[in-house]
Amino acid sequence: MKKPLMRIPYTELFPPPSIIPPTARSLPGAVAALQEFLHAPPLPLQPPSSQTLNSGPGSSQPPGSPLPRSTVVLTGAGLSVASGLPDYRGLNGTYRVNKTYRPIYYPEFVSNHPARQRYWARSFLGWSTLQNAHPNAAHYALRDLAGMGFLSGVITQNVDSFHPRAHPGLPTLELHGYLRAAVCVTCGGEVEREGFQKELARLNPRWEGFLRGVLVEAPGALETEDPRERERRGVRMNPDGDVEVPGAPYTTFRYPACPACLARSSSAGKGTGTGPLVLADGVTPGRVEVDDDGAWHPAGNAGVLKPAVVMFGESIADRVKTAAEEAIDGAGKLLVLATSMATYSAWRLVKRAKDRGMPIGVVNIGGVRGEDMFFSGLDPGQAGGQGVRLEMATDELLPALVREMQQSGQGWSPSAESSRGENVFKDMLS
Ligand SMILES: [Zn+2]
């Protein structure tokens, strides 16, 4: 029986890291250690432990056979900080953006109309910040490392879609979904966020006016990279792309219903060929009610749209969980970038890699959950081939690594084994 993987916030502080190898405190030292990490010959696969039995094709490999040579990358919110998006955690692992920030939980979202009004109002205001933000040098450095044949894919916890934008040729698995679409809780159909945003503007002209006012009167208030500056101007941006406006009348906010469910609900019994609308339990008849302008009305019970992200308190879909395990099993090394691995869904992937005998590299400013375990048993004299632990900004370190490798003409052709990783989760590209 598979346990559901739930996304929950984790607020403990993590102890500061020990830099591995000790020579990697400087930028040149860190670049040298990462080169050693990427170039090191593959280690043998370890026998599966009880935790990793029966999960993924990797466990069918005989223990002792060499692991693939390629590296799979796992990224978190810190990677997008240089793009102007806020991180959940500060240097010491504390919630620095907004101390009162309490993310909405999935059960509350799906059961509570006022909670959805509040969520979509804040998301409506926050969208322009995300829309105007772009991938940064770290994302493009991963594209370049992939071009040199070192990477098999990226697993990201980020919902900003920067990875698929920066490196469409390198597969990205978005562990916690993405903000670029809204998904229907009833039928699972997706609505592209751009059009959804226009619908929100049409249904909420006063909010649209407020948003324009903020953009005109305080240009940059939503875009500024400095959270304190945003706060000073009366808006607070949170890491899932939503904005908080103190005292805003959220109860006036309207959001559209799923167009597919609305069509089925209003055409029920009229011979359109589509069956009657049924809720996700497969039994309860569904009904979508909308007001005169087409906004979702609480008299109905279906057609609620949610962001296509895994909300806190929501389980990760089994197909995503399996694809992430397969991405780990399709590589020989794991490089963790800019995440404290506070969520179990990410942490367990690193544990899986460690159990398989894969060298682990971690680049993160601040401590990482349970990281000592990932670096146990390393030869104290190793230069990075068995593991690296760096504390540096990814948008400086990774481009420096790429420059160094390009100048020295390093790289190797992707082998059959590294392209296998691409096939494993090509279905996850979206
Ligand atoms: Zn629907």
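Placement of Cβ uses the backbone N, Cα and C atoms for every residue, glycine included.
Whatever TrEMBL says is automated annotation, not expert-curated.
What TrEMBL says about this protein:
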REGION    43-69  region 'Disordered'
COMPBIAS  48-69  compositional bias 'Low complexity'
DOMAIN    48-411  domain 'Deacetylase sirtuin-type'
ACT_SITE  H176  active site, proton acceptor
BINDING   C184, C187, C258, C261  Zn(2+) binding site
REGION    224-243  region 'Disordered'
COMPBIAS  225-234  compositional bias 'Basic and acidic residues'
COMPBIAS  408-418  compositional bias 'Polar residues'
REGION    408-430  region 'Disordered'
COMPBIAS  419-430  compositional bias 'Basic and acidic residues'
Other CB atoms within 10 A, centred on C258 (Zn(2+) binding site): 26
Spatial separation of H176 (active site, proton acceptor) from C184 (Zn(2+) binding site) - C-alpha basis, Å: 16
Candidate with the highest Cβ count within 10 Å, taken from the binding-site residues C184, C187: C184
Rounded distance in angstrom between the Cα atoms of C258 (Zn(2+) binding site) and the residue listed as 'active site, proton acceptor': 21
C187 (Zn(2+) binding site) versus the residue listed as 'active site, proton acceptor' - Cα distance in angstrom: 19
Cβ-based neighbourhood (8 Å from the centroid) of the Zn(2+) site, residues C184, C187, C258, C261 excluded: V185, T186, G188, G189, A257, P259, A260, L262, V288, A302, G303, V304, L305
Same-chain residues at least 6 apart in sequence whose Cβ lies under 8 Å from C261 (Zn(2+) binding site): C184, T186, C187, G189, L277, G286, V288, A302, G303
Helix, strand or coil at C184 (Zn(2+) binding site) [DSSP, three-state]: strand
